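**Q** One structure coming up, written as structure tokens, with questions to follow.
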């Protein structure tokens, strides 16, 4: 056939569509050019439009010499077109097998939004509504399939053709004025009530809601049912809307109805071949570690870091595969950890469009099972095997999924599933749209709230003339996966892609002597008699520390992970220093913990040896079965025998392994690098202006990471660390006296700081700085003779990530401050996207000084320490699970744990705010908002002053609450249960509410 007049050669047209030089097509396949099946489909459409050359996408994909294939097709005679009578208005036609499958699934989940598709058109200024509605009406007239209705008949369902003019005034159109700007895409969908079901027997299967936002912008929420939608169809429909708005004439397009009438069952040999391949693959359903943080399905939208995406594209082109193939290979590599056997099945969406319907609006996409081999160690070999698997699946993509299920029979019953995971590609070619007098930015696929599979992932690639970006849409059903599973998938995929692309993560710091050890050694040399550690029974001088370190090294040899079994004492902290000096990793083992927990901690941390400190309980030492246990007296005896001090040992090992308190789940051993410890010690010493004449109080449990901030900054400054006597530690009045007379700097947990801030301090007070954290701090309204610094940071971010001085006297809840130097903060919504300032979201913490992960727990590390989507793909952030928002001045406000947030009468409760309001009531000494028994309303648990009248106190508490919360029950207790680190134990509080009839 000849090329249309005025159009260049077919090779030139193809090259222009692909954005390449025509010479690049000679001797190259689409895969070698780094292109995908969607590129092949778009190229086929462009060729037919411009040149009338007919080439199916599968032919383009299979060509090893694209230019030769194009030239051969151009020279071939044009096939005769067959004449098919157009369907009339009201005709009943069969459903396509894709439509039938969706209808069947929708029947199983009536009312569920699973098979809805949303798109958001974000206008900087509202469009001209009448003009926009006219354009939409003309587009519907052009594509009658968008107006189809389903008609039930005995044993069958068919679709009714609806043709003719569309009245713009009759469109399913709603306009809503919003009082506030919704924080994310899902909130926009909710504001539009876009997830309400369609009545497929009477409703138009597309609708629109125009949201007017208070900032002057507008968002059009476009919703379609998948009965009439796939990605290519949506793009074609948008193009028709734009053409209609521009006044361009367009003929009525009835191709989908022709496709529905002409559909034929698959050839028996194709079905047999597909069944033979699938029968030998693992069909067990995918299940993750379980949902622990949400009861509803979850959807994430995670940007793929641009440097990584570009590197993957380059590497894919080098080896002759598409970018999608590389990402599909990464997905299957990540899935392998959850699959048994040598082969398993992952679904992928394929265009599945006959050549004559490449530009037709309608539902053509089929979810095709891809049989993949267990990934190989060689990434390139795995990608090439993946390409072959995708090509095999493409060859049988016209075999209906329901036919495969029927033919496989028992193999997909009894808990198995043909498709329980999916990975697909959506290439978004339209990113902006000029329509109805305004320009709109297009966002496709906001999560409907209902996942199609236990785990489904879509790679969305947006290509503009001068830029390309990508994101992963990950959906999971609450019954199968949790947020941790989905983030672990992200981590595993990016780790694999980084290796595939040849990118190198930042090198680990070289072996070095800790800066704190260097500083302490200098003091030991210059002032050997200065006290380093003291308790009520002994003092350890700086000059003795080097000898204790060398004695430990000689006694235990090359063992590197050393458990320290004991409690807060001068000996314990001397032992911690000795471990650091020898280049080892110290693991605090509080001896008051249950024996079984201690044994589990030793095993999880991989301790080579345990040192039992004075006062250690015999049964605790006996729990260290299989691990050598040395007594501290053995080390001190060797040190006193004249062992030479020697030099500190450079090391790249973690400084310590600290186990989490268990208040956020199963305790895990957190590995903290040496350089991170040095950085935090330096910052803390600077905050407190620590000097050699200062005394730092040691109040925290040795199993609480605040003890790290008490110990190492004191050594860095050459100060003395003095252990608070046990009898004073838990007596607030005695603690006030001891701190006022003895310490210059001290730390206490926030609940204790609340209590100390309410007491009378002596006129003469030595205490200069009180630092606090570990839980929310309430307002300190009483004047205090020292400054108070509020700190925030889970163990996993190396103790502290944000901080600020407290405005003592203010009744406002203190913020947790701004980031420390080098700390990266992200505040993200449930979908993984960053939220605007002022909106609540989960806090992620990154930077070079966060922890390395969990000892012996790769899965847990992958789920919580994840690649930063907003960085270069190599940096890591820690997902804290804490909800915060950024105040106008930049400080963060702590709102609570994500799993503590709840709603009462439609009002979202921020526990910290409720507790702060109640604590301000005279007669309230302490308060906690606790979960009610068996899912009932939350309970306000109050520790009253002894003189307070209960009935009057309840009335006063309710008076400070917003009206919607005044019905909440108020209960009283003598003390709030706490964890070993001094935090309020909400688990213990919930147990208390279940078993005790508290006064109220």
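Glycine too: its Cβ is placed from the backbone N, Cα and C atoms.
Not my notes, these are from TrEMBL:
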| type | residues | note |
| --- | --- | --- |
| DOMAIN | 93-244 | domain 'Condensation' |
| DOMAIN | 308-425 | domain 'Condensation' |
| DOMAIN | 524-854 | domain 'AMP-dependent synthetase/ligase' |
| DOMAIN | 913-983 | domain 'AMP-binding enzyme C-terminal' |
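Can you tell me where each of these features sits in this structure?
**A** For the domain 'Condensation' (308-425), the mean pLDDT of the prediction comes to 86.
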**Q** Check for me, if you would, whether the domain 'Condensation' (93-244) reaches the domain 'AMP-binding enzyme C-terminal' (913-983) - at least 3 Cβ pairs under 8 Å, residues 6 or more apart in sequence.
**A** no
**Q** By DSSP, how many residues in the domain 'AMP-binding enzyme C-terminal' (913-983) are helix, how many strand, and how many coil?
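**A** Secondary-structure composition of the domain 'AMP-binding enzyme C-terminal' (913-983): 23 helix, 17 strand, 31 coil.
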**Q** DSSP says what for the domain 'Condensation' (308-425): how many helix, strand, coil residues?
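**A** Per DSSP, the residues of the domain 'Condensation' (308-425) fall into 60 helix, 21 strand, 37 coil.
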